[in-house]
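Participant: Below: one structure in structure tokens.
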């Protein structure tokens, strides 16, 4: 009896030891997992922590693969976009010469004929000239030698001198002077030396599309109604052909020339109207930036810098007159002692346009704006001194 009790007690002690050992091992594994989690969390924070990180930085990081894909696709499809622009423009010009011009010469008065011939050909010449210059003119690149430049930074991507208003294009993989953006429809960057050509092309293309849309509105209505009649008569002809007897005559059909003429007019009006709306909005946007003396990139940078300085209480909420395009500050109430944030490359709305277009004397409005002109812009894009066409030097205020 006692031996059986001693055996039972020994078994129970062994079982308790096994249970305590299992609990120790389980607690030990839990503690090791917690330590690993804390160590990994600490390593992750030490590697990724940045006091300047915010929602914009995180969003840009998440979209970095998308940006990479867009850069490479744009680089390879630039030639396709240029061919598309040339093809669509050539098709519109061909329709005007083949279909509309004979009709204009037969039906319009001599005064209207002279107007359409003069304005249409002038607009076409301006479009072709500025598009050719925009795609063939280099936007400008900074020199590789730093000895020739003063007060420049170093580009982090191409490790080269980076003058003021210069930005790196990830598609061209080079720094561009006064970069505005990379345009896939030009297969080229828009920068210091071809910015005027790009804007002039957009402006004259918009004017040409509006001209075609307004001039061809009546023709478009007639052509659309004719196409609807074609569809109706075609349906009737098929019904008669299905029930045709020997003595029945099918309704007349339209010739190939008539069908092509009406469909070409509809195609011309729809394409010109669509381009006028889309390109017109882009032209107005760039006109606003030119009035402010900014590029597309500088607008984003100035906006962020203005918000940062306003949060620190260094600048007031009033906008400068250069950004408003009037040459005078707005009458916003702001605290005394605070400065107004101002773009240092803005000289007022009117002077900004003269600097952009290269107008030094009044006759340049004709020879350099209304006629094709390959003149160079003011400055070299490396330094930004006061242009000679600016009438008045602005008072220095807080700017970037």
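Here the Cβ of each residue, glycine as well, is placed from N, Cα and C on the backbone.
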Participant: With the ranges 149-172, 173-196, 197-220 to choose from, which does TrEMBL describe as transmembrane segment?
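Facilitator: Transmembrane segment, as annotated by TrEMBL, spans 197-220.
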Participant: In TrEMBL, which of 305-329, 330-354, 355-379 is labelled region 'Disordered'?
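Facilitator: Going through 305-329, 330-354, 355-379 one by one, TrEMBL gives region 'Disordered' for 305-329.
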Participant: Look up transmembrane segment in TrEMBL and report which of 51-75, 76-100 it refers to.
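Facilitator: Comparing 51-75, 76-100 with TrEMBL, transmembrane segment matches 76-100.
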Participant: Scan 112-133, 222-243 against TrEMBL and say which stretch is down as transmembrane segment.
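Facilitator: Here TrEMBL associates transmembrane segment with the stretch 112-133.
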Participant: With DSSP helix as H/G/I and strand as E/B, how many residues of the compositional bias 'Basic residues' (305-314) fall in helix, strand and coil?
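Facilitator: Reading the DSSP string over the compositional bias 'Basic residues' (305-314) gives 7 helix, 0 strand, 3 coil.
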Participant: Six or more residues beyond either end and a Cβ under 8 Å away: which residues meet both conditions relative to the transmembrane segment (265-287)?
Facilitator: 88, 91-92, 95-96, 99-100, 180, 199, 202-203, 205-206, 208-210, 212-213, 216-217, 219-220, 222-224, 227, 296
Participant: Determine how many residues of the domain 'Palmitoyltransferase DHHC' (153-300) DSSP places in helix, in strand and in coil.
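Facilitator: Counting residues per DSSP class in the domain 'Palmitoyltransferase DHHC' (153-300), I get 89 helix, 16 strand, 43 coil.
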